[in-house]
Amino acid sequence: QDLPGNDNSTATLCLGHHAVPNGTLVKTITDDQIEVTNATELVQSSSTGKICNNPHRILDGRDCTLIDALLGDPHCDVFQDETWDLFVERSNAFSNCYPYDVPDYASLRSLVASSGTLEFITEGFTWTGVTQNGGSNACKRGPNSGFFSRLNWLTKSGSTYPVLNVTMPNNDNFDKLYIWGVHHPSTNQEQTNLYVQASGRVTVSTRRSQQTIIPNIGSRPWVRGQSGRISIYWTVVKPGDVLVINSNGNLIAPRGYFKMRTGKSSIMRSDAPIDTCISECITPNGSIPNDKPFQNVNKITYGACPKYVKQNTLKLATGMRNVPEKQTRGLFGAIAGFIENGWEGMIDGWYGFRHQNSEGTGQAADLKSTQAAIDQINGKLNRVIEKTNEKFHQIEKEFSEVEGRIQDLEKYVEDTKIDLWSYNADVLVALENQHTIDLTDSEMNKLFERTRRQLRENAEDMGNGCFKIYHKCDNVCIESIRNGTYDHDVYRDEALNNRFQIKGVELKSGYKDWILWISFAISCFLLCVVLLGFIMWACQRGNIRCNICI
């Protein structure tokens, strides 16, 4: 289909941008939904379902909890001196030794998990006048009665249990973690049978702290054939400090210390299988990619992970505003420029030209403006990731029953942080999308203005993104306009001459209306004059008589 007013002495050049039949809706500051040619999802909403063992060292706890592995439960001996970046506790983990409790369980678990090692150093404690290496049928090691391998159960020797007073200095340059305990017999008879005294006492001190525990004698629910309990305590001895242990009974003594390390190690409860793969980010649901800035898989993470948000989807515009091409038009229609719609089928660029001249029609992309837009958009995703990825882990928070209010406060703080980040993510993406659309629109306008400045008076802006060129412009001429080498002076005289000739025949639509109305008014006036003259002539000849009655 020819463009209006086109012939061999003129040409038409239209500027346009890429469009797709079905774009993607994104949110901007000014619009909740605006269609763009392309967008990237920013929220990771699914996991692989498995925990990758690379680059992080993953230690599968299997049927052992971290504390059981720490104490040396017989069925956890395989974990002695192990190290990890992430210790994975399973839901089927169980204890299989003398029943115990840890009054500050969460703190001990977190301390050991962050240390990332169960490296144990045996020390030569001297326990005089007592029997060492006590055991229980509740803690079988093979066919024999046993006990926690990292603890030493001290009982009476003969009929005496002397007061124990032992010191152990820390002459090294690292922190030492000592695990010790207090036995709570189920009856008074058990108390005297094991420790002679009717009531024991255990005091463990350093220069910075002191703990004194008095056993609580009494029956408790039976667990693995035992109604007594052991309470587990722990003490950290700094370099240059001294550990002092004083007791007259009921002491579960340390055999040595755990070497403490500082680092980013952690612990996570998960039943996801561990597999040979690579992933920087781990959640209880499994590993997730960290190529997106946000995720809503799980609040608990380890490694370099996307920020957790509430949204299921946030789309970042990576293309321009999409205005699908009207399908009723061909390559050239009544309106072919970017003002009304985009162009589908532009596979080699975002912006381009369509022309019609004496040699036919054609289309070509403008790579300069396309590259300028792409360069500004390409770094957006990486910049958003850099702003949001956490280079640390979000650990599980655990509190005892007496710390219920602290737990509620912690939950409130975490929920508030998530709400804040979810809002920030929404605003951040909306701002980036607004910028993308504005800059792609700007590149289109720059290309149009650059073309208009080249053509000057040799062409007329048709108001729809097209120029009517008033001189013969073959394909070489069109190419010179596209690449910026067009010389308007060469065609100036021809363009002016053709413009005057065409304007002598063509009338712009605005003047046509005025002329039509004026012509209609003059015609009506002349018709009235002729009709009135005929009536007056007829009256004079007597052919018409007029009677006026009052």
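Positions of Cβ are set from backbone N, Cα and C atoms, glycine also.
Note that the structure is a prediction, hence the values are computed from the model and not measured.
Now, the feature entries from Swiss-Prot:
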DISULFID  C52-C277  disulfide bond
DISULFID  C64-C76  disulfide bond
DISULFID  C97-C139  disulfide bond
DISULFID  C281-C305  disulfide bond
DISULFID  C473-C477  disulfide bond
CARBOHYD  N8  N-linked glycosylation site
CARBOHYD  N22  N-linked glycosylation site
CARBOHYD  N38  N-linked glycosylation site
CARBOHYD  N165  N-linked glycosylation site
CARBOHYD  N285  N-linked glycosylation site
CARBOHYD  N483  N-linked glycosylation site
LIPID     C539  S-palmitoyl cysteine
LIPID     C546  S-palmitoyl cysteine
LIPID     C549  S-palmitoyl cysteine
TOPO_DOM  1-514  topological domain 'Extracellular'
TOPO_DOM  536-550  topological domain 'Cytoplasmic'
TRANSMEM  515-535  transmembrane segment
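The recorded positions examined here are C97, C473, C539; by Cβ neighbour count within 10 Å, the least packed of them is C539. In terms of C-alpha distance, the listed glycosylation sites N22, N165, N483 place N483 closest to N8 (N-linked glycosylation site). Mean pLDDT, taken over the topological domain 'Extracellular' (1-514), works out to 88 on the 0 to 100 scale. Within 10 Å of the Cα of C52 (disulfide bond), the following recorded positions from the list N22, C281, C305, C539 place their own Cα: C281. The Cβ of C277 (disulfide bond) has 12 neighbouring Cβ atoms from other residues within 10 Å, across all protein chains displayed. Taking the disulfide-bonded residues C76, C281 in turn and counting surrounding C-beta atoms within 10 angstroms, the largest count is reached at C76.
Comparing CA positions across the recorded positions N22, C76, N483, the one lying closest to N38 (N-linked glycosylation site) turns out to be N22.
Closest to N22 (N-linked glycosylation site) by Cα-Cα distance, out of the recorded positions C64, C97, N165, C277, C281, is C281.
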